[in-house]
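One structure below.
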Amino acid sequence: MDNVLPVDSDLSPNISTNTSEPNQFVQPAWQIVLWAAAYTVIVVTSVVGNVVVMWIILAHKRMRTVTNYFLVNLAFAEASMAAFNTVVNFTYAVHNEWYYGLFYCKFHNFFPIAAVFASIYSMTAVAFDRYMAIIHPLQPRLSATATKVVICVIWVLALLLAFPQGYYSTTETMPSRVVCMIEWPEHPNKIYEKVYHICVTVLIYFLPLLVIGYAYTVVGITLWASEIPGDSSDRYHEQVSAKRKVVKMMIVVVCTFAICWLPFHIFFLLPYINPDLYLKKFIQQVYLAIMWLAMSSTMYNPIIYCCLNDRFRLGFKHAFRCCPFISAGDYEGLEMKSTRYLQTQGSVYKVSRLETTISTVVGAHEEEPEDGPKATPSSLDLTSNCSSRSDSKTMTESFSFSSNVLS
């Protein structure tokens, strides 16, 4: 997120043109109140919603799947950015005066890039996981430990990418106010600044969206456009339907992110083409609207999960059960939905390889949690009743194979 704040300083053209001029971006009180209400909605909805998402996944063993760990990372990044940067962005954009000191100036320009990087590459990791599970079902899947390592690598790369902008951030005292700005090394045509901003835009927007778009296109063709050979039982179609729902949900999440951030990146690349853009009187209102849209991307995912996924909906209902207009629902579904799947897995082993190996991110008939209980031959004996010894052995071996490819 190059410039969420870096170029906040550029919003005031007098920073780079005439540091003795007073702040020319002043708006009536009623506009400030309306914008304040709009930004407050983002902070409250994002922080509360994403914290509930993290609780739903981490507090329920059946929800601790590999891909759900990436959703936890996504929720953490978005809640953090909403909590630490949205209000500061708003106050600085409205008053064009920095109240928070040098340290927070550096953090303010540094953290949003890291958070957006972590968010989009968490979505990329989910897309890659879906791609491998559906297109290459027999390939080894990430373990819980490997998933945590990937998340750590994402954050290390995010911090490295954001470091230059934080390092060169500084405050400057003017006759009537203090501003937070970025002092890039001197070079003709601001080459360092341009190269950095273009690289950041490519790395946190266009490149990951290209990868995600390819992955979900191939997955979509496989799940919707192709006739999948094998057993055509109701159980089989039920599982494929569940997988389609999850892919639809993640596509909505990615498209929402892309739509929210596109105007922001365009806004901060245009001045390299038209340097006088920030001198326009209307630019502050345009910036506030574009920044609100970008920041609002942090609050939509919990709403999407709640609307499109049954198990998240149960979790949200339980979290807000104290509200008079919300019914708690069957909270046990969060823990028990996977149990039925576990008990019946052996009996549906004969369906196609795709059915036994595709796993979903969340919802009924999902992948088993990495740290969840594993099925044992004895549990299969309970479902097969008085089967012969040879039948029991066959079912045990079949289930063992199925469990291996699902994990």
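Just so it is clear, glycine is given a Cβ too, placed from its N, Cα and C backbone atoms.
Per Swiss-Prot, transmembrane segment is recorded for 32-54 (among others), and the stated evidence type is sequence analysis.
Annotated transmembrane segment per Swiss-Prot: 65-86 (among others), in sequence order, evidence recorded as sequence analysis.
Here Swiss-Prot flags C105-C180 as disulfide bond.
Distant neighbours of the transmembrane segment (107-128): 1-2, 4-6, 67, 70-71, 73-74, 76-78, 80-81, 84-85, 88-89, 100, 150-151, 154-155, 157-159, 161-163, 165-166, 169, 180, 182, 200, 203-205, 208-209, 211-212, 215-216, 250, 253-254, 257, 261, 361; these residues of the same chain sit at least 6 beyond its ends, with a Cβ under 8 Å from one of its Cβ atoms. If you look up Swiss-Prot, you'll see 107-128 (among others) marked as transmembrane segment, on the strength of sequence analysis.
The transmembrane segment feature in Swiss-Prot is assigned to 149-169 (among others); the stated evidence is sequence analysis.
The transmembrane segment annotation in Swiss-Prot covers 195-219 (among others) and rests on sequence analysis.
For 249-270 (among others), the entry in Swiss-Prot reads transmembrane segment, with the evidence type sequence analysis. Here the transmembrane segment (249-270) has long-range neighbours at 1-4, 7, 116, 119-120, 123, 126-127, 130, 197-198, 201, 205, 209, 212, 216, 220, 277, 286-287, 290-291, 293-294, 296-297, 300-301, 304-305, 308-309, 361-362, meaning same-chain residues at least 6 beyond its ends whose C-beta is under 8 angstroms from one of its own.
What Swiss-Prot lists as transmembrane segment is 284-308 (among others), and the listing cites sequence analysis.
Taken from Swiss-Prot, the feature region 'Disordered' covers 364-407.
Annotation source Swiss-Prot lists compositional bias 'Polar residues' at 376-407.
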Which stretch, 32-54, 65-86, 149-169, 195-219, tops the Cβ pairs under 8 Å count with the transmembrane segment (284-308)?
32-54
Cβ-Cβ under 8 Å with the transmembrane segment (195-219): same-chain residues at least 6 beyond its ends:
1-3, 113, 116-117, 120-121, 123-124, 127-128, 130-131, 134-135, 161, 164-165, 184, 247, 250-251, 254, 258, 261-262, 265, 268-269, 272
Count the Cβ atoms, other than its own, that fall within 10 Å of the Cβ of C105 (disulfide bond), considering every protein chain shown.
25
With a Cβ cut-off under 8 Å, give me the same-chain residues at least six positions beyond the ends of the transmembrane segment (32-54) that come close to it.
71-72, 75-76, 78-79, 82-83, 86-87, 89-90, 94, 288, 292, 295-296, 298-299, 301-303, 305, 312, 315-316, 319
